[in-house]
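Taken from TrEMBL, the feature S-adenosyl-L-methionine binding site covers H230, D268, L269, D296, G297, N329. For 429-445, the entry in TrEMBL reads compositional bias 'Basic and acidic residues'. Sequence annotations record features per position, and here TrEMBL assigns domain 'SAM-dependent methyltransferase TRM5/TYW2-type' to 141-412. Per TrEMBL, the feature region 'Disordered' maps to 425-445.
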Amino acid sequence: MTEIETNQRDSELFLPPSNVRGMTKLDRTAFKKTVTIPVLKVRKEIVNKLMRSLKRAALQRPGIKRVIEDPEDEESRLVMLDPYKIFTDGSFERAELSILKQLNVSPQIHKYNLELTYENFKSEEILRAVLPEGQDVTSGFSRVGHIAHLNLRDHQLPFKHLIGQVMIDKNPGITSAVNKINNIDNTYRNFQMEVLSGEENMMTKVRENGYTYEFDFSKVYWNPRLSTEHSRITELLKSGDVLFDVFAGVGPFAIPVAKKNCTVFANDLNPESHKWLLHNCKLNKVDQKVKVFNLDGKDFLQGPVREELMQQLGPLSKERKHSVHIVMNLPAKAIEFLSVFKLLLDGPPCGIELLPIVHCYSFSKDPNPAKDVQQRAGAVLGISLEACSSVHLVRNVAPNKEMLCITFRIPAAVLYKNQTLTLENQDDPPLKRQKTDKVFSEEKTQIASVTSLEMSSPSPH
């Protein structure tokens, strides 16, 4: 048996036909192509037993049966083999040859002309064949229920409708493909989008970490890539703790935390987010544990948060065993809102271990993003945070752009008015490491020079 022709074993064997290059309107019929592949002739009664031992050598392509009827012999079957691994009968591994011998199957290779169609190509292969040669191919997307959310680059825009349709065709359950056409609006944290292909319905349902969220994706903020971060913060709180979620969206921090029997105050300025936040609290049966607000973040902090903190940290606070957490997930602007904490509270300061823990998100393009975020947050508060904060890398957003979370306790000297104590002479003992702070010692992902910083008394400045 002669070796399958070398030119049919190169990287182009399973690529779509070259004449689809430049196609902007999807024509599935143009993707037909015939290739010659190696096959084994096998008696039909031993096929199942043989296939378990030929996993390495068998052909694996979308929509292609690996075993087909033999047109020349109804008692036989043809087993499709991978032309990149099997060239001649000498290409089988020793164990494979042993099984062939046991089952009395000849290792002789036969040729078979296989017709490939649009269904047999992967999305990346289709887009690589269609888009101009050498340009980036988008085959990834964020999945939001039935919606594929793409973020196309300029050179991909002439092919946007084709790309959208390919995403729908190749991903079961996706019935709509959309493209972001501007940056996130900082006021309501939503963005304009264009439906590239499929249905226009943006009402969707998603499951994340065991909770269900429903919303209109065109009107609210939702990022499926933050699932791990939502879970990380949730794990920091224990039953009885208090959470203030300043930019709550549709509830991915607030709802899981409320399920842990915590008290939650959740706020969002966007009326649509507020509406779906209320809806999702009921949907997940935590509406009795979450107080929902529709305020600007600054007004929320100066109003409901201040009022509750005065009670939580007041004269009876020494009896309090639970922690107070404040989540500020608005990376483009959250650091600016830290200024609201300056002199926010009246009265004598509480002990250090009772002070609120802030989790503030930010973007950074700095070569040392952890230090950058610490310095910017510290500058707003008028203190140094470098010795008393932890910085967690959340995700890489774009080349040279990171999303991070800085976590720290608000020093009493920052939080209280008429404070006679200075940062240098506070009598309170250093903050004990509490269970809720275990993230600081167990942090797996640290960046730059920040490595598992323990929370301690605020350093002098």
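Just so you know, the numbers here start at 1 and follow the chain as drawn.
The backbone N, Cα and C atoms fix where each Cβ goes, glycine too.
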Exercise for the section: Measure between the Cα atoms of every pair in H230, D268, L269, D296, G297, N329, the residues the record assigns to S-adenosyl-L-methionine, and report the largest value in Å, rounded to a whole number. Expected result: 22
Practice task
Just name the winner among D268, L269, D296 (the binding-site residues) by count of other CB atoms within 10 A of its CB.
Solution key: D268
Fill in the blank from the handout: Whole-number mean pLDDT, the domain 'SAM-dependent methyltransferase TRM5/TYW2-type' (141-412), equals 94
Fill in the blank from the handout: Ranked by how many other Cβ atoms lie within 10 Å of their Cβ, the binding-site residues H230, G297, N329 are led by N329
